[in-house]
Amino acid sequence: MIRILENEHYQRGVYLAGKLILWFILLLGVVITVFPFIWSAMLSTHDRSTMFSSTLTLQLSDQLVNNYHQLQQIMPFWNAMFNSMKVAGLGTLFSLLFCSMIGYALAVYQFRGRNVIFTVMICSMMIPPVLTLIPYFMVIDALGLTNTHLAVWLPFTISPFGIFLIRQYVVASVPRELLEAAKLDGASEFRTYWSVVLPLLRPGLATLAIVQFVMLWNNFLHPLVILNSREMQVITQVLRSVQSIPNTPWGAVMLGTTLSILPLLVIYLLSSKQMISGLTSGAVK
């Protein structure tokens, strides 16, 4: 038995079998993840009658143009897409700025209460967002910011997760010697942060950009509370609102859902290279 286990051909067979099982599991995970999106795209070419047929629909139909016209009739789709892009884009940009500043300060500067601030910030991540919904609305209403996009993205620009991510990345990737060299060259604190530290944080910022953009794009509860007028609503609101109309044209809804995913794919494709390079550089270190 021991000779069999030590046999080179047996060990190679076990290795290949393990690789095949691993590839099968990974392929199954890809199919489970991607299939809903592919099916959604296919259903966007069908009308209501064929969509709810007794058989599983896995082929394209000829109702795409008709569904697009219905989509334009039942909701202000492109206006909502623009609103979502505005909210998610501005929120992500300011979040990258604020979180990188705070994370850099918590990682580099020594001051009283630093650890307490960081601990409280980490603990705040355990609070369910729904518990802060009423205080959130009361503050926004007191400031007179109801029915404004500013009230939707501004409170989420300072993210505890984002600050934690950037702080850990500064600790792991920015050497102290580099900061001291910048100070010896006469660089100010802000110049050191902007010209020396930020370029080194690109992989971490790319990761944070993906997380923040997806979170703000998919946010439904807070816009539902704040945005009242139809022209100010974001894409998650208008897609949900048409589900209550009689004889909902689900083909048009699925088309709108499929189109609403495209900006997320673009953001991921633009940021994934930096994110992957950060992971590989961390593995090398």
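Yeah, the Cβs are placed from backbone N, Cα and C, and that goes for glycine too.
Pulled from TrEMBL, these are the features on record:
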- 81-271: domain 'ABC transmembrane type-1' (DOMAIN)
- 20-42: transmembrane segment (TRANSMEM)
- 87-109: transmembrane segment (TRANSMEM)
- 116-138: transmembrane segment (TRANSMEM)
- 150-172: transmembrane segment (TRANSMEM)
- 193-217: transmembrane segment (TRANSMEM)
- 250-270: transmembrane segment (TRANSMEM)
Legend entry - Folded-back contacts onto the transmembrane segment (20-42), same chain, C-beta under 8 angstroms, at least six residues removed: 57-60, 254, 257-258, 261
Legend entry - Outside the transmembrane segment (193-217), six or more residues from its ends: residues with CB under 8 Å to it: 84, 87-89, 91-92, 95-96, 99-101, 104, 152-153, 156, 159, 161-162, 165-166, 169-170, 173-174, 178-179, 182, 187, 235-236, 263-264, 267-268, 271-275, 277-279, 281
Legend entry - Selected stretch (most C-beta pairs under 8 A with the transmembrane segment (150-172)) from 87-109, 116-138, 250-270: 87-109
Legend entry - Spatial neighbours of the transmembrane segment (250-270) far in sequence, C-beta under 8 Å, 6+ residues away: 37, 40-41, 43-48, 51-52, 63-64, 66-68, 70-71, 74-75, 77, 81, 84-85, 88, 209-210, 213-214, 217, 235, 238-239, 242-243
